[in-house]
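Novice: Just passing along the structure, written as structure tokens.
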Amino acid sequence: MSSQTKFKKDKEIIAEYEAQIKEIRTQLVEQFKCLEQQSESRLQLLQDLQEFFRRKAEIELEYSRSLEKLAERFSSKIRSSREHQFKKDQYLLSPVNCWYLVLHQTRRESRDHATLNDIFMNNVIVRLSQISEDVIRLFKKSKEIGLQMHEELLKVTNELYTVMKTYHMYHAESISAESKLKEAEKQEEKQFNKSGDLSMNLLRHEDRPQRRSSVKKIEKMKEKRQAKYSENKLKCTKARNDYLLNLAATNAAISKYYIHDVSDLIDCCDLGFHASLARTFRTYLSAEYNLETSRHEGLDVIENAVDNLDSRSDKHTVMDMCNQVFCPPLKFEFQPHMGDEVCQVSAQQPVQTELLMRYHQLQSRLATLKIENEEVRKTLDATMQTLQDMLTVEDFDVSDAFQHSRSTESVKSAASETYMSKINIAKRRANQQETEMFYFTKFKEYVNGSNLITKLQAKHDLLKQTLGEGERAECGTTRPPCLPPKPQKMRRPRPLSVYSHKLFNGSMEAFIKDSGQAIPLVVESCIRYINLYGLQQQGIFRVPGSQVEVNDIKNSFERGEDPLVDDQNERDINSVAGVLKLYFRGLENPLFPKERFQDLISTIKLENPAERVHQIQQILVTLPRVVIVVMRYLFAFLNHLSQYSDENMMDPYNLAICFGPTLMHIPDGQDPVSCQAHINEVIKTIIIHHEAIFPSPRELEGPVYEKCMAGGEEYCDSPHSEPGAIDEVDHDNGTEPHTSDEEVEQIEAIAKFDYMGRSPRELSFKKGASLLLYHRASEDWWEGRHNGVDGLIPHQYIVVQDMDDAFSDSLSQKADSEASSGPLLDDKASSKNDLQSPTEHISDYGFGGVMGRVRLRSDGAAIPRRRSGGDTHSPPRGLGPSIDTPPRAAACPSSPHKIPLTRGRIESPEKRRMATFGSAGSINYPDKKALSEGHSMRSTCGSTRHSSLGDHKSLEAEALAEDIEKTMSTALHELRELERQNTVKQAPDVVLDTLEPLKNPPGPVSSEPASPLHTIVIRDPDAAMRRSSSSSTEMMTTFKPALSARLAGAQLRPPPMRPVRPVVQHRSSSSSSSGVGSPAVTPTEKMFPNSSADKSGTM
């Protein structure tokens, strides 16, 4: 019964143990499930974050593009607007500046959001992807380690189970042995008790041995059981000890796993997860914070610009920007009628009483008006202050609308209901408009009153001065002298040329061969015109011109004329460009032959630009040389034009689109749509790499396109040559000495009066300013420099410093006298003059035309023609500047590239100044007496002021006098011949006619040389010119302005008109109004003047 109970207890213990082990196994499995679930939740989180940032990056990119489009929309809108021009001219108004900064901030935000998109896509999302990979990898590693730990833990529990069963078994055996031992002891005790009672009384003597053997058996059995018990007890003790030790170890292992190992296992799963995620989020925060910082920086710039909004500064900027519009005009001058010389208010006795009464009435009226106007001004100031208070109310703070709290909606609604409500807005607008209306009413009243006060005050002051009511201001300073009239510029038509081959719709090669023009006239002239006026024309060659004007220009070219040679005849740039395209489009044989079409198109397959350029060069080198010369000229021009693509919007590709169909015709059988893109690419390549494709001038002679062209038609005569001088052009390559650029001296002058220039070409200066003079642009103008700026300086507003006082005073008096009385000479002399500009025939009034006959060098410069076989002297100073250095006044402000250079030679302003200074003027002796006296004065002059101008200091006065005498004789003869032929009366000069007539007796006939071509007329034979007899490169001395003798002691009147800048005359090889004819010069001779002697001439 006891064993059965014991057996049940063993089963219960084992069942309880097994239940406990099963529970542990279940826990271990659930642990892995929990860790796996945690890992999956992290992966899902990371995946959601990646998707979120990917979508946010797309939104940021879309937002960036939207901002860029928004900014570009308005930027392109204002790029060609007036505000953009203001910005370029550094006249930026403060509101426009704020607008530009807002656009700039928009672009900045666009770039920042694009950067944010890049950070999200290439940084944050990549980091999250890496963290996801780390989570999966760490969970797998942790799971492997966890499984190993679970196996170890289960192994320990299995060992404990085994030891426990062993312990139970040995303990059961020990208990069994113990019970047997106790039973044996009881039998032994019972046996001893029986044997003790019977031994004395009952047992017989013969029964004692039998009882002794029974006792021995019991003792032996007891000993045996005792031994068995001891053995089982020892085994049970050992088993119990093992069981207890294993039990402690198992409990310790389970405790360690649950307390430490599970935590460490979770740490392994979390290894670096939070740190990596934190770095990722910090990257996101850094990007957002930097975006916010960038935004704040941009907003700070805008805020600074808003703080600098200044109406007064903008007002000054607008007035400075449009100074020609807002500057005060010239004062109205008294215009005497029919010789009336009284120019002041007369206060003689018949009108003195009336003037005095009028004076007192004005005085009373002015006092009343001033009081009334002062009250109006005070009211105006108060109204302005009220209006400013209304306009400067601080209603711009909307921070309440961005309060993120539960009461946000109530705050927003409260804000909207108070200030920005429709009722309040309407009320404030009504008050503002009412105040503005009152302000403008008072302003109008104030302006009208102040205008009236100004007019009455002027009358009052003049009457006060006339009536002698106050101290009369002493006239301590003189007024500026009258400036000369603007010389008239007259177009001289180009000589007609007749060719046997058509210019348009013909063969270009045949025309070039027939005409001798290396570049057809229409190509050269159109390109020159566009170079001067159209490089910045937006959409040139793409925007069509007027068809009527295109046809007109075309017809002129077909007649052999050049309609673009005269800059005064303004032509539409797009029409000129259309004529150029029309010429190439109408050629019988396209510029690129159809036979080479496939070869040129095949070059597009070459990806390497160098190989493509080389292949195109090999194809074009097979074309005729005349065609290559034209191609080289045209594509050099197109490349130059493309350099202004920022302004004209015509880059090489756009030009190729315009010129592709014109220059390359698609052969029959080819698909125009597919071929056109290839044609455009070929033309674009040639435009970009034209220097590498076409041969250089050394390899192929012919005209070369120059980026800097002169402003007029380039003929091969000197600026001072007369019509017909081209007949005597010497084509030999002589080496005559001529005035060099380095042999010219600069002249300093001091401003005698203030002068404000009316155009960019005229310099503005103050009285007493130091001026640097280059050369004489005309009778009345100098080319000079002031404050580092080159321009025109009026002669009568300055005092030349480095001249001899007596000579300059005498010469200036004569020049001033002639400038004032030139047109008022006797009618008989005037009737002999033509109705033409004084600048039309320079040689009519001086010997510059005769001495200006030149021989042309290969570089296009003018070399003075030798007058005698053995004369090697330099020409007199009357010789004009060479073709290389035309007058500076030729520059036209309509194009920044229209600079006065010929043949493309780019020189510094100093060299051009020094080159032109040597030709300060030409001398005109009206008769032989003046000639002889002038000759004697010039030959006896011993001044060495300009002794440093050259190294040729051994000239003999006799040889120079002989040269001058021959020149004077020729000039006088031609002058008389021209006067005999001219029969039309000269047009009167409106300005000079208003001056007082010259009181001296009429002198010889002479027109006023108001020309920038350096001609100075000397009518008085006593007024001679100084020159150095020791220099072969002497120049005209300059003049000091002096008042005419007839005006001595009299108060000078203000100038009747403001100074006018000289206009450069277009030089021409022939004159329609001249009596001296010359044969027509072909364009080839104009382009290559030394083609017969030197073939290296360039355009």
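The backbone N, Cα and C atoms fix where each Cβ goes, glycine too.
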Novice: So one of SER718, SER759, SER837, SER1011 should carry the feature phosphoserine according to Swiss-Prot; which one?
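Specialist: SER837, according to Swiss-Prot.
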Novice: In Swiss-Prot, which of the ranges 172-194, 471-493 has the region 'Disordered' annotation?
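Specialist: Of 172-194, 471-493, Swiss-Prot gives region 'Disordered' for 471-493.
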Novice: Between the candidate ranges 536-574, 809-847, where does Swiss-Prot place the region 'Disordered' annotation?
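Specialist: It is 809-847 that Swiss-Prot annotates as region 'Disordered'.
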Novice: Compute the average pLDDT of the predicted model within the domain 'Rho-GAP' (506-694).
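Specialist: Here the predicted model's pLDDT, averaged over the domain 'Rho-GAP' (506-694), is 90.
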